[in-house]
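Step one of this worksheet: look at the structure below.
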């Protein structure tokens, strides 16, 4: 199976071209065709020799993903189901924000973190995505607009889709550097957010990388007992270890950390828990931000329900009174398979049911 050309960084592209006996500027031409002109085949690279195009075709594909399903919401949110070369499925989501077009990318097929409220974890991790497969998600979303003649550009990226980004650390870091490259998509570092469920050692590594992207941490509870019951990962990285890493990150980068907090009715959304969260954040209050997330119900996790608006606002008001910067996240795509992993999970379920019907037919 040939790799995607998107899997190469610009420096790797230069090294590849030189290994083929080509001049360095040929790599710059290929890079421009891919990321500025956004062609979908090597044959469209009209200033390259036939010999070089043949080498590219022999060694790479452009985009390895196949579009299976597109769902468009009334609010402009677009959810994509892509098929990988090995037949596995991933999701990507485009969200229209007041500040631009934001794309949420997937980094793994399935997830091993085991959050008890999440559709992504219903299917265990099967493999990591490589850099090319992650970049391809952005390029296909951009193609969606290019083909419609819409003069719109992906401006923001959130690495919050299926999987734990820091469990696929090297490929995610390579992806960030690829899309941030000023000769390519040139998406600003401060327009890129990487999320983690709390791999403390990787947060420390990330602090030392020198990338100026945003960090978000899925917290979802203010104490160990509750967090462990919601997120299995807390057994390995309890709050004390997690916050030591977060404080190291803030001291090293002087960058703000966003805390994601999903609102589960009568589970983690009480006023006392809001006070506990404010106390937890008191030492990093100036460089922290809490994102309160309305819960999208998942049928397989029917022990949870969405917090009523009055409980959400009481939680929000308590944080505010205690000096915590916070916001209630705007919802997107509520009329489609909105929860992370839901479209993929539902599609796989339908595919299995279809296969069973076909197998029993005479």
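All positions are counted from 1 along the displayed chain.
Placed from the backbone N, Cα and C atoms, the Cβ positions cover glycine too.
A quick note: this is a predicted structure, and the numbers were derived from the prediction, not measured.
Features reported for this protein in Swiss-Prot:
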| type | residues | note |
| --- | --- | --- |
| ACT_SITE | 91 | active site, proton acceptor |
| DOMAIN | 97-329 | domain 'Radical SAM core' |
| DISULFID | 104-340 | disulfide bond |
| BINDING | 111, 115, 118 | [4Fe-4S] cluster binding site |
| BINDING | 163, 164, 195, 218, 219, 220, 296 | S-adenosyl-L-methionine binding site |
| ACT_SITE | 340 | active site, S-methylcysteine intermediate |
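For residue 219 (S-adenosyl-L-methionine binding site), the nearest neighbour among the listed recorded positions (104, 115, 118), judged by C-alpha distance, is 115. Reported as a whole number, the C-alpha separation between residue 296 (S-adenosyl-L-methionine binding site) and residue 104 (disulfide bond) equals 16 Å.
Here the domain 'Radical SAM core' (97-329) has a mean pLDDT of 95 out of 100. Neighbour count (other Cβ atoms within 10 Å of the Cβ, all protein chains): 20 for residue 195 (S-adenosyl-L-methionine binding site). In the three-state DSSP classification, residue 118 ([4Fe-4S] cluster binding site) falls within coil. Nearest by CA distance to residue 111 ([4Fe-4S] cluster binding site), out of the recorded positions 104, 164, 195, is 164. Take the binding-site residues 218, 296: by the count of other Cβ atoms within 10 Å of each Cβ, the lowest one is 296. On the backbone, the CA of residue 118 ([4Fe-4S] cluster binding site) and the CA of residue 163 (S-adenosyl-L-methionine binding site) stand 11 Å apart. Of the recorded residues, residue 164 (S-adenosyl-L-methionine binding site) and residue 115 ([4Fe-4S] cluster binding site) place their C-alpha atoms 11 Å from one another. According to DSSP, residue 111 ([4Fe-4S] cluster binding site) sits in a coil region rather than a helix or strand. In this structure the alpha carbons, written CA, of residue 218 (S-adenosyl-L-methionine binding site) and residue 91 (active site, proton acceptor) are 19 Å apart.
Note on proximity: of the recorded positions 91, 104, 115, the one nearest residue 195 (S-adenosyl-L-methionine binding site) is 104, by Cα distance. Of the listed binding-site residues 118, 219, the Cβ environment within 10 Å is emptiest of other Cβ atoms at 118.
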